[in-house]
Amino acid sequence: MKVSMSLILITLSALVTIAKAYDPSPLQDFCVAIDDPKNGVFVNGKFCKDPKQAKAEDFFSSGLNQAGITNNKVQSNVTTVNVDQIPGLNTLGISLVRIDYAPYGQNPPHTHPRATEILVLVEGTLYVGFVSSNQDNNRLFAKVLNPGDVFVFPIGMIHFQVNIGKTPAVAFAGLSSQNAGVITIADIVFGSTPPINPDILAQAFQLDVNVVKDLEAKFKN
């Protein structure tokens, strides 16, 4: 059976149209629909300035040359430059962070629900990695990084960085969202508000319920 070229072109055009007809990714945790716009915000949480009123300061930020304070429980600090610091990033789908690590400090297991991350190590030695999804048997992809090395953390994957050196470490990372979001696994599981029922977590993690209660007390907001 011969198929006309015009039919093929029509079919391909329809497929291309369908491929482009997807919902944009949300830039906050949720967006509850309302009928009264007076009590609402735009889906990305930002209104746009009149382009004629834009100025250079809307696309500028400073301070990433300064080390973050790492005197905390995980001994690291993340300095974020996203749409909240640079309004001109709105709708551009990109942001940046500086991460400082004390010796043996870590950026604990976490995920960015809205962004892929690409990290470059500037100073020190890091052990980094991410874990793939259940469908991929939760494989660990990990490397030791030295200055100048680059590693990518795919969107949504749980990942971490640990300073395995005796000196401070510094890294910079780009994120494919103006507001990538961050979910720190231990904090949300054991420090949610209100707390998750400890019996649920005890069964999920195969722990004694008293151990879970102790963890929830430590991570309580």
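Positions of Cβ are set from backbone N, Cα and C atoms, glycine also.
Taken from Swiss-Prot as is:
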| type | residues | note |
| --- | --- | --- |
| BINDING | H110, H112, E117, H159 | Mn(2+) binding site |
| DISULFID | C31-C48 | disulfide bond |
| DOMAIN | 76-213 | domain 'Cupin type-1' |
| CARBOHYD | N77 | N-linked glycosylation site |
| SIGNAL | 1-21 | signal peptide |
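Annotated Mn(2+) site H110, H112, E117, H159; additional same-chain residues within 8 Å of its Cβ mean position, judged by their own Cβ, are T111, A115, F130, F153, M157, I158, A180, V182.
Separation of the C-alpha atoms of H112 (Mn(2+) binding site) and N77 (N-linked glycosylation site): 16 Å, rounded to the nearest whole number.
According to DSSP, H159 (Mn(2+) binding site) is assigned to a strand segment. Its own atom aside, the Cβ of E117 (Mn(2+) binding site) has 22 Cβ atoms within 10 angstroms in the protein chains shown.
Taking all protein chains in view, 23 other C-beta atoms sit within 10 angstroms of the C-beta of H112 (Mn(2+) binding site). It is 16 Å from the Cα atom of H159 (Mn(2+) binding site) to that of the residue listed as 'N-linked glycosylation site'. Within 10 Å of the C-beta atom of H110 (Mn(2+) binding site) sit 19 other C-beta atoms, taking all shown protein chains into account. Between the CA atoms of C48 (disulfide bond) and E117 (Mn(2+) binding site) there is a gap of 26 Å. Around the residue listed as 'N-linked glycosylation site', the same-chain residues six or more apart in sequence whose CB sits under 8 Å from its CB are A67, G68, I69, T70, I99, D100, listed in sequence order. By neighbour count, meaning other C-beta atoms within 10 Å, the densest spot among the recorded positions C48, H159 is H159. If you average pLDDT over the domain 'Cupin type-1' (76-213) in this model, you get 97.
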